[in-house]
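Annotated features, as they stand in TrEMBL:
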DOMAIN    A:27-204  domain 'Heme-copper oxidase subunit III family profile'
TRANSMEM  A:27-50  transmembrane segment
TRANSMEM  A:70-88  transmembrane segment
TRANSMEM  A:100-119  transmembrane segment
TRANSMEM  A:139-166  transmembrane segment
TRANSMEM  A:178-202  transmembrane segment
Amino acid sequence: MSAHSHVDGQLPHEPEKATLEGRNKVLGFWLFLGAETVLFGTLFSAFLALRHQVGDGNPSGQELFELSTTAWATFILLTSSLTSVFAIQSMHTNKVKSMIVWLIITILLGLGFLGLEIVEFANYVDEGHKFSTSAFSTSFYTLVGFHGAHVLFGILWIGILIAQIFKKGLNVTTAPKIYVAGIYWHFIDVVWVFIFTVVYLMGKVG
Amino acid sequence: MSSQHSSVEEQAKHHKHEGPKKHIIGFIMSILLTIIAFSMVAAGEINTTFIYIFLVLMACVQVFIQMGFWMHMKDRGHLYPIIGILMGVFVVFTIVIMAEYWAWW
């Protein structure tokens, strides 16, 4: 599979770019992220257009949002981005064990973020902020929920990749997958930066 | 085994692998920007338009830092990824402007 075999099973540095297939995978993934950007952009624009359409007697974002919850979620996701970049660095220096450890920490932080979001949504539903309550609530759940679904997908994806690494080891075929999953995880974090800014902070301001 | 190890290290030196330092700096900068944005809102009683612009600016700066440091965009050979993502950003920009300033006029 590899373009050139490596003595003693040594990997090239930047194993994700060692083969044409790997390089194409990375480039293709960036184009996918461009499309993802558009997808989230449409959800953001819908939210921006509808965020004041609360209706009579329904809770507004200003009443619902708690900055401390959002701050914790942000901190957790930022840290998970850092741990995933550590995983990629471990991969570049061919330290498979530490790469797996960092990936597992990333997954755990992602689960923590999801847990916070689920509790937050459950609280909102208790306060009468359901999916079909108002145009604001629908666009809110669609945007933030879509991001949460991306986090969940990332967790499953990285989990499966770890299993594959255990089975097949780190080589020029599996390395691009890890690298691309890392980029995906950062992208989730980047989207969250705009969510906490546009949805929560601006919602709190009014 | 030891000779293999040293050759790996030598190559690593030759390739100039980045240490974790830059990523930790990027992390701290992101945390600082986040804290500034949150505390601005928590403080309250600031002009709404100003705080909107300020918050979006903070987010954009943070995204540039994260994409540069963590998504390796400042590394060489990232012209096509940059073009790809910029096309996405361009479309998003027009969509958001449309929604904010057009839909309710």
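Yeah, the Cβs are placed from backbone N, Cα and C, and that goes for glycine too.
Across A:27-50, A:70-88, A:100-119, A:139-166, the stretch most heavily in contact with the transmembrane segment (A:178-202), judged by Cβ pairs under 8 Å, is A:70-88. Beyond the transmembrane segment (A:100-119), the same-chain residues lying 6 or more positions past its ends with a Cβ under 8 Å from any Cβ of the stretch are 69, 72-73, 76-77, 79-80, 83-84, 86-87, 90, 144, 148, 151-152, 154-155, 158-159, 161-162, 165-166, 178, 185. Sequence-distant neighbours of the transmembrane segment (A:27-50) (same chain, 6+ residues past either end, Cβ-Cβ under 8 Å): 135-136, 138-140, 142-143, 146-147, 180, 183-184, 187, 191, 194, 198-199. Per-residue pLDDT, averaged along the domain 'Heme-copper oxidase subunit III family profile' (A:27-204), amounts to 93 for this model.
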